[in-house]
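**Student:** Let me begin by handing over the structure; questions about it come next.
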Amino acid sequence: MAKDTAKPVILWFRKDLRLDDNRALHAVHRSGRPVIPLYISEPESAGTGPLGAAQAWWLHHSLEALDGSLREQQGRLVLASGEALEVLCAFIRESGAEAVFWNRRYDPAGISIDAHIKHELEKQAIEARSFGGQLLHEPSRLMTGNGTPYRVYTPFWRALEGGGEPEQPLEAPAKLRIASQLPKSEALESWKLLPTKPDWAVDFTDLWTPGEDGAHEKLRAFIEDALDGYKEIRDYPARPATSLLSPHLAFGEISPARIWDATRGLSKRVAAADVVHFRKEIAWREFSYHLLFHFPRLASNNWNERFDGFEWRNDDDDFKAWRRGMTGYPIVDAGMRQLWRHGWMHNRVRMIVASFLIKDLLIDWRRGEAWFRDTLVDADPANNAASWQWVAGSGADASPFFRIFNPVLQGEKFDPDGNYVRTYVPELRGLGAKYIHRPFEAPKSMLDEAGIALGQTYPKPIVDHANARNRALAAYNATRDAA
Ligand code: FAD
């Protein structure tokens, strides 16, 4: 047992808002030194970018939840705002701390801030230690036979699958040694993370409980109710078929190793193919981070530079209609309204709305990526950029540009009864399955009966898909010819 005179360690929480399987926390605990749990709100100018509005809502509740867990251990979470290095140095002076521990982040801005901080702290003889655990494996661990990063998912997955099990998750320490003198904290309310007038997040709580307990409950419910059959039904947005773990992962409220571990030994209850498929999705997240780590320009530049000369139309009225879910294509509008209402959208529908924005409307994928960043509770620097570039055709191992989703056929295939559309586009509720994805082809008598006046109660399509498709292919061919 360390003596009472032991100097404290600052545990710097970032997007790892959990006590379970938190390697930095464990290391402090094992050292026997008292801990100062700290969260810093870093300014946008530091390079980490603006926090989206939906994630600000999440962050508020997640910090509250973490503070609650620490209070159960007679501690609390200290909140501070400012440049991270300045804040850390001030707290070190005030508390006499001799070390700062944190879990690594892998976005380009985060990496460079952390490297600078480590260097500066070590110059002052402060121990600065960082740990893994936000990913199953460090992004530089899995490399091709030539020692280069992977650019294609399937061999990456094979390497991950064959590369040994991820480290075992660590249980939260039963009794943390909290520093007896914790520095004064800023008040969470003063950060004004929650929306006020209007409170557009009112419906978020229908779906979400930010915080570690909420994450573990989502994992438990998914394994019990939805993992069996996941491979088959995960593409149907009206079915509660996916884990909804993405925002919890984005804030590090649960570790991927904990999720991986929970899907072990289920063979009696769940088909092996479902477990593998789910793990393959977790591996897509790993692959996105692998790409972002090795090719940081992926965050905001076309990974394939051939797309740099693409002639986007970037029409503002079309962009507004897309954001508001008023394009006249029901599956697109349902997705965009799900996003607004719950801060989340089903993966299949994300692909459809992204394809529609990029290809039918010829709007630069970066504008869609930025809108998602502001409105998704799970906005993630790696997954968001990599997925948008995947749909655009400009990314690594991307879907080719000429694969253009037909929003009507996609709707009919993946929402055959129209229940997803009816949930989010109530003005079409009275329409039967035959026309729910193509109201613009429905006989007038049927529209009248359903109380729909196209162009008034629900928009006419803002583009004709067949024409838009030809226009997109022509734009793509022009780019290719110019390259
Ligand atoms: P599940 O099906 O239960 O999957 C479990 C976990 O695997 C997810 O939580 C996620 O971490 C990971 N995962 C699943 N699918 C993918 C995928 N295609 N790519 C990478 N990881 C995946 N995901 C984000 O987490 N943040 C984003 O900002 C984001 N932006 C996207 C933008 C577009 C245009 C598209 C097409 C996809 C985007 N995705 C993003 C990927 C995917 O849509 C979500 O991860 C998924 O819908 C989350 O729901 P879930 O947790 O129920 O998924």
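In case you wondered, yes, glycine gets a Cβ from its N, Cα and C as well.
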**Student:** Suppose a student reads TrEMBL and sees Tyr230, Thr242, Ser243, Leu244, Leu245, Ser246, Asp378, Ala379, Asp380 listed for FAD. Which of Phe204, Phe278, Phe287, Phe414 should they find annotated at that same site?
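**Tutor:** Matched candidate out of Phe204, Phe278, Phe287, Phe414, per TrEMBL for FAD with Tyr230, Thr242, Ser243, Leu244, Leu245, Ser246, Asp378, Ala379, Asp380: Phe278.
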**Student:** Here are the recorded positions: Tyr230, Phe278, Trp312, Trp388. Which has the lowest count of other Cβ atoms within 10 Å?
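**Tutor:** Counting other Cβ atoms within 10 Å of each of the recorded positions Tyr230, Phe278, Trp312, Trp388, the minimum falls on Trp312.
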**Student:** When you measure from the Cβ of Ser243 (FAD binding site), how many other Cβ atoms are you left with inside 10 Å?
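**Tutor:** Its Cβ shell of radius 10 Å holds 20 other Cβ atoms.
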**Student:** For the domain 'Photolyase/cryptochrome alpha/beta' (7-136), how many residues does DSSP put in helix, in strand and in coil?
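**Tutor:** Split by secondary structure, the domain 'Photolyase/cryptochrome alpha/beta' (7-136) comes out as 59 helix, 26 strand, 45 coil.
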**Student:** Expressed to the nearest Å, what is the distance separating Ala379 (FAD binding site) and Trp365 (site 'Electron transfer via tryptophanyl radical') at their Cα atoms?
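**Tutor:** Roughly 15 Å, rounded to the nearest whole number.
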**Student:** For the recorded positions Tyr230, Trp312, Ala379, which sit with their CB under 6 angstroms from an atom of ligand 1?
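**Tutor:** Cβ < 6 Å from ligand 1, in sequence order: Ala379.
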**Student:** Ten-angstrom check, please: count other Cβ atoms within 10 Å of the Cβ of Leu245 (FAD binding site), all chains counted.
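**Tutor:** Total other Cβ atoms inside 10 Å, all chains included: 21.
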**Student:** Would you report the average pLDDT that the model assigns to the domain 'Photolyase/cryptochrome alpha/beta' (7-136)?
**Tutor:** 96
